[in-house]
């Protein structure tokens, strides 16, 4: 049965309220006004000390406009309203929107509150703000971060609560077990700092996992990298496809070579580079290609045992990261992945050999051919990307 159907059946035909003695004589299980919907990630923070800490760590000013995603019953909202000029609460569940409005109704705080009903991820853009706070529904964790970072003028700071493993991935460093594409991407566009741990007993209903609070400060102005997200992420997707293999092995996969060959042809066309003239040394490159193929086999054999040990963990992490990718970035990446699976009509063409030689030239010249993605920092990936661009190799 589809999830929506099961949810409807559980709630008695879609009624979101859990009334005492409701449903024609049915026995009430509790006296809550709401039956919280876990499909919406509704785990209400009930510890006032943690609500205070989340707002305090945002260092709000009296002139600040704050966006809160998923205000729930308003435990964090009220505290933010006391310190900021305005709070814009974005809530998917109309019941919760009504509850947070009622929470401040008839008080001086009411005029400082604006409630927007809807899915923040599906909104064309997030409202401009100085700070973002959220007891984040876990299923939108990564999309929310990237939607914020994609804003022309992102907020000064974001204090967000996440599932503990996700939070650890955000602050992971090279060599850490949870270091991933997400770690590199977020820390390339922002600075992340772990604030505190939050046990599941602090929520109602309690979730199955522990939580952590993270403070994120987006880079702005001259500090913001002048690189397209899709291009940088395209390189990272290849590098972390199997993070325990060397970068040489990762970039010499057939699908990667096919994609780079197509992109190189587009690059030459857009820049009026006559491809025919660039094929003068194709014979030499063919010999180099044969050598590279032999090296591929040898390197794969050397790494096979290491890959098998952590293959399951890698696959699980890759699936998680694909789910994490927000729609407005993921659509382009999915299109690129689909193209990459299309085999080249002439896989042994001179252009293919040139592209392969360029890839391996960059990997060798940067000294990163034998390194693994899990060992590389932001500077390594940036150096790699710039070197590829100098050779006309692009990933989006």
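Every residue gets a Cβ built from N, Cα and C, even glycine.
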Stretch carrying region 'Disordered' according to TrEMBL (options 1-26, 27-52): 1-26
From 297-324, 325-352, 353-380, the residue range that TrEMBL assigns the feature region 'Disordered': 297-324
Across the domain 'Ribosomal RNA adenine methylase transferase N-terminal' (50-220), average pLDDT on the 0 to 100 scale: 95
For S-adenosyl-L-methionine, whose listed binding residues are 43, 45, 70, 91, 119, 135, the greatest C-alpha pairwise distance in Å: 20
Which of 91, 119, all binding-site residues, has a Cβ with the fewest other Cβ atoms inside 10 Å: 119
Intrachain C-beta neighbours of residue 45 (S-adenosyl-L-methionine binding site), sequence separation six or more, cut-off 8 angstroms: 51, 72, 75, 76, 135, 161, 198, 202, 203
